[in-house]
Structure formats: C-alpha cells, structure tokens
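Worksheet for the structure shown next.
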Amino acid sequence: MFPRSILLALSLTAVALGQQVGTNMAENHPSLTWQRCTSSGCQNVNGKVTLDANWRWTHRINDFTNCYTGNEWDTSICPDGVTCAENCALDGADYAGTYGVTSSGTALTLKFVTESQQKNIGSRLYLMADDSNYEIFNLLNKEFTFDVDVSKLPCGLNGALYFSEMAADGGMSSTNTAGAKYGTGYCDSQCPRDIKFIDGEANSEGWEGSPNDVNAGTGNFGACCGEMDIWEANSISSAYTPHPCREPGLQRCEGNTCSVNDRYATECDPDGCDFNSFRMGDKSFYGPGMTVDTNQPITVVTQFITDNGSDNGNLQEIRRIYVQNGQVIQNSNVNIPGIDSGNSISAEFCDQAKEAFGDERSFQDRGGLSGMGSALDRGMVLVLSIWDDHAVNMLWLDSDYPLDASPSQPGISRGTCSRDSGKPEDVEANAGGVQVVYSNIKFGDINSTFNNNGGGGGNPSPTTTRPNSPAQTMWGQCGGQGWTGPTACQSPSTCHVINDFYSQCF
C-alpha cells in the first residue's frame, strides 16, 4: 500500500502531553451500525466512526490561528516539535459539509472531493467502540465481511478498507490529550513520514512541503506498524495484502530507517504479499461486467484460517470469497508459471509469488504470515478510506508497474488502466460523483457472516459467471468485444452500449 498516511498525537514526555483539544467546533461522530456473528446468528452493534486527525483543523490553543496551512508549519507557533505540540490543538469536524462523509444505518459514504470553504481531498476514518476508543478486532480464526460499491471509483482511485495495529485510545493514555475521539495514533507498514505529530512532538523539523500535493509534506520521522489490507480497490482492480512488522504496535522511525534512501530499510514490510486477480493471471475475473461485476455492489468475505482451527492457533491461510446477486463466488485461481494454482494467501503462495515475480522478500524477512498472525492476535483497528496516490499514481494497483519493466513480464501488469492514468491533478479535477460506499460490516466465526443469500451462515458454494436464462437480467452485461454471453435483455430492460468492451441491460 502506498497511502497518504498522517498521524497526529503521541508524546512520551511527562511535562506536557502532545496534541491538545480545541473547543471551536463540537465533535459529533457519525453513527455506523455493524454486526457480530456466530453460528446462531448476528447481533447489531451501534458503532461510530471518527475522522483521522490529519484531516482536522490544527490551530493555536484558545484562538483561530492555524498551526499548519497548506503544506507548511507556522514557525512562530512551532519553532520546534515540542513547543508546537504544546501550542496546537485539534478541533471537531464537519463531516458532511467539509469532508464529504455521511452515514445512514449500516452504510458509510466517502466522497473523494468536497468543495466547501476549501477543497478537501479524500478521507480516512476509524470504527469506534465508544467516543474515546477505537474498536479492536482480533481476527485469528474469524472472518470479516462487508459490502462495497466501487462503481464510481475510476483508475487512480483507491477505496481502501484495512486494519492497522494502532493503540485503542489513539495514544491518549501516554502521548496526547486528544486521543481516539479526534482520530489520533495512525500508523501503517509504509512508515509514513507525512505525519504531522509523532511521539508528542510535531514532525516539523526537516519538514518539506510536497512538490505535487498542496496539503502534504514529509518530516524527519515516520510511524510504523503492522497492516492488513482487506480491500484496496477501484472499479478496475482489487487486492488484499498482509504487511507484517518486526516489532509490535506503533514504532517511530527516523531518517533512513523510514526508507528515505532505501525502501526496505524499515522494520515493516512495505510491499506485502498481495493477491490481485489480474496480476495472478485471471484478467476476466474482476471489473465492469466480469465475474465479480464492479458495476454492482459486492459482498467481500475474508477468512483468517489457523492451523488448529482455534482462536489460539497460528495464521495458516487468508481466504477470499465474494457474494453478488445471492451467489457465492470463490476467489480466482492463480494462473502464473511457478505458482501453484490456488486462490488464497499462504506461506507457500507468498514464497512462490516472490520468486516468480522477482520481488524483494521483505514480507518473509519481517515475519511473513506468522508475523502478520501475531499482529492479528494482538488486535487491530479498522480503517475506512478513499485516496489518490501522489507517489506513483496508483499504477501498482490498476496498471503496469514499475514502468521500466515490460508488461509481458509476470507480475508487472496489475490492471487495464493506462500507464498515463491516475495522476492526482487529473483525478482530482475530474472527481465529480467519485465516491465509495462501505456497508453491512460483519465480524464473527468462520462461515457465520454470509450464505448463498448474502448473509447468515453456511458453507460457500461456487457459482458460474453467466446467467442460465437466454436473456440477461437487469444491470447485467449484454455485449462488448469478446463477450460470449446473452445479448438480449429480460423485459423491460434493453441493451445499451457503454463502450466497445461493455454493454449493459437497463
């Protein structure tokens, strides 16, 4: 994952805890209902979400003067990191008006660009247990299920849902006074340096504004921790990826230990062991009108299988299942020379994939699947986000990457997006209507969160990719280059040409 990752809060000093709380705007967390499930059924949990601290207004205590404007610090308020943390406060958020975040029942909608007094790009939110603590998920021998609508996410965008090994209180007990209520304590496996506050000090020393992002920059420090990417996706490509670290919890890095000169110098695995169906050789599995049809909402099931079938076992396998239109769809099978034809992430899969693609073995060197399992056992925070990529334009997800390699080389092609796509200036300028919707989050015992009707339990069974009737159903594919399925539509819908490759019934 290559996210814009920003952490505010954390201080180990006893004199003053870093990152204060502002009083200019009340903080009202949007509600989000989700479910805990067992073989007996599912029970509602009345949850809430909070906005990551980095998106929030950061101002001088007791007035309205910005501590940080654009991508620069005010050095009169922030002459050094310690003083800055003592002087600056986080404030409440206007979720819908400023950030384009709305919730309704079990659904959370994140708009990519929101125009208010200023232009906001993207967002990152965390599921809360209460108003002061994040919900902690222990995922071993469990499954996590959610619905997602990526139909309005084009090339270059990423609707990412993942877990991060953050502190439940956002560091409030030891490092700051704002805490999880205000979205503090973020970290991930990229050891991001675009974090404004870390270990109770502003990351202002050595800070340089980004040359292509008016809101971000990088400082001397970064925040590292384990990350389990359940879902990184747009309408063209998707991937799920474990990223282990050598040490538990949030670890601060500095200089080259934050990958300043060497991507693989950190304590965490930046690459992960990813399963992207397109990259793994099935180029007709995921996308508009494909087996998993991104024109429609998708139910995504991820299972964390242990070696002894108990919560105390060792992580052995990470499985992926989809449900769409009441049908269970098994994950695509690998079709790459040198990799066994499976459809899940295991230690063997990761070893073979790294060898077949010629990738660095940073995943194995940081503990591999066992290391990821340890983080899952300790507990992780759920992150829901939408973002674009100012580093490499999201090509690692949906196009050819790296660009200096031949697309014919195994592992280079990850999707059908153009090599010129995903530039932030383009996707941000053409962002009308771009959004992601997450809904129906469920967590519980294996096979308790879904069945052939999309919920409730039962063992998965495979489905075909084409309807049995001679006419296509409403919203189904009815034409396009290479299409061999039905070309007539069930009444009252008719077939409409969307592009050369895809026609749809509506």
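Don't overthink the numbers, they just go from 1 along the chain as shown.
Placed from the backbone N, Cα and C atoms, the Cβ positions cover glycine too.
Features as listed in Swiss-Prot:
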- GLU227: active site, nucleophile (ACT_SITE)
- GLU232: active site, proton donor (ACT_SITE)
- 406-419: compositional bias 'Polar residues' (COMPBIAS)
- 460-470: compositional bias 'Low complexity' (COMPBIAS)
- CYS478-CYS495: disulfide bond (DISULFID)
- CYS489-CYS505: disulfide bond (DISULFID)
- 470-506: domain 'CBM1' (DOMAIN)
- ASN308: N-linked glycosylation site (CARBOHYD)
- ASN447: N-linked glycosylation site (CARBOHYD)
- 19-450: region 'Catalytic' (REGION)
- 405-426: region 'Disordered' (REGION)
- 449-472: region 'Disordered' (REGION)
- 451-473: region 'Linker' (REGION)
- 1-18: signal peptide (SIGNAL)
How far is it from the residue listed as 'active site, proton donor' to ASN308 (N-linked glycosylation site), counting Cα to Cα, in Å?
29
Under 8 Å Cβ to Cβ from ASN308 (N-linked glycosylation site), same chain, six or more residues apart: give me those in sequence order, or none if nothing qualifies.
ASN314
Averaged pLDDT, computed only over the residues in the region 'Linker' (451-473):
45
If you draw a 10 Å sphere on the Cβ of CYS489 (disulfide bond), how many other Cβ atoms land inside?
22
What's the number of neighbouring CB atoms sitting within 10 A of the CB on the residue listed as 'active site, nucleophile'?
29
Disulfide-bonded residues (CYS478, CYS495), the one with most neighbouring Cβ atoms at 10 Å:
CYS478
Residue pair the residue listed as 'active site, nucleophile', ASN447 (N-linked glycosylation site) - Cα distance, angstrom, rounded:
24
Residue pair CYS478 (disulfide bond), ASN447 (N-linked glycosylation site) - Cα distance, angstrom, rounded:
33
Look at the recorded positions GLU232, ASN447 and tell me which residue has the greatest number of other C-beta atoms within 10 angstroms of its C-beta.
GLU232
Look up ASN447 (N-linked glycosylation site) in the DSSP assignment and report helix, strand or coil.
coil
Residue pair ASN447 (N-linked glycosylation site), CYS495 (disulfide bond) - Cα distance, angstrom, rounded:
37
With DSSP, how much of the compositional bias 'Polar residues' (406-419) is helix, how much strand and how much coil, in residues?
0 helix, 1 strand, 13 coil
What does DSSP assign ASN308 (N-linked glycosylation site), in three states?
coil
